[in-house]
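Everything on this sheet refers to the single structure shown next.
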Amino acid sequence: MDIIFYHPTFDTQWWIEALRKAIPQARVRAWKSGDNDSADYALVWHPPVEMLAGRDLKAVFALGAGVDSILSKLQAHPEMLNPSVPLFRLEDTGMGEQMQEYAVSQVLHWFRRFDDYRIQQNSSHWQPLPEYHREDFTIGILGAGVLGSKVAQSLQTWRFPLRCWSRTRKSWPGVQSFAGREELSAFLSQCRVLINLLPNTPETVGIINQQLLEKLPDGAYLLNLARGVHVVEDDLLAALDSGKVKGAMLDVFNREPLPPESPLWQHPRVTITPHVAAITRPAEAVEYISRTIAQLEKGEKVCGQVDRARGY
């Protein structure tokens, strides 16, 4: 069994050694331009077209939860990967736990009004504020995949009213499910906090725009943990300036790194992190990949395969 590996920023040598240890029967090598030798599996992130084109692979693993970059490259270069080759993504591998930590900490930050107290502190102003009531602090999760379900589970502990919206209806205990475009407005109408965990598809690009934000309750909060292209940044800034949206926590952006001239940096109601809400944990990723390859070799059914038509 031959495995080729490519990631522009990861510690390639660590990965190769870890994969060799986890899959002793495999010959693992770092792919370099001009390497056309045979391979059974490819582990990639932003791979060059020539790495995959023309190969008779058993499967390709994207080294992250999102596959939008490789799918967009496939649209431009369909010869890059045979349609019959299964494409897998890292559904969790520690990302769910990280998303839970990020989402819960920020929801509690807003619920306890720490954002308001920070603004008061900036002007040396001492004033206790009325508390928010949990029953009025409905949290809506936009996108109900693996990571969305993990975030919902963690928030249930805090007894917030929860709802989710997705392409198809979900049956999560204690979570009100909305499905399809026809139910989006009803979903948004009660969301005091909107957490975006949508996949990046042509249908979801720009979905968080003026029209969507207007359907939220006044003084709502936005937490974007998915992709920057989901948010029309000018529309969000306008909603923040008007007070329609009271605060935003943004981990992802249309351009990354976020340009220094972006008004988001200095907005008093925006908090920024540099795309770190959930990063790939190498040891857990290697365990998932080695387990999945073993299942594929045995002809077993496996989880995590991407539906290329849907984009996730």
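Including glycine, each Cβ sits where the backbone N, Cα and C put it.
Per Swiss-Prot, the feature active site maps to R227; the stated evidence is sequence analysis. There are 22 other CB atoms within 10 A of the CB of R227 (active site), with all protein chains counted.
Within 10 Å of the C-beta of H275 (active site, proton donor) we count 17 further C-beta atoms, all protein chains included. Residues or ranges marked as active site, proton donor in Swiss-Prot (evidence: sequence analysis): H275.
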Checklist entry - Cα of H275 (active site, proton donor) to Cα of R227 (active site): how many Å, rounded? => result 9
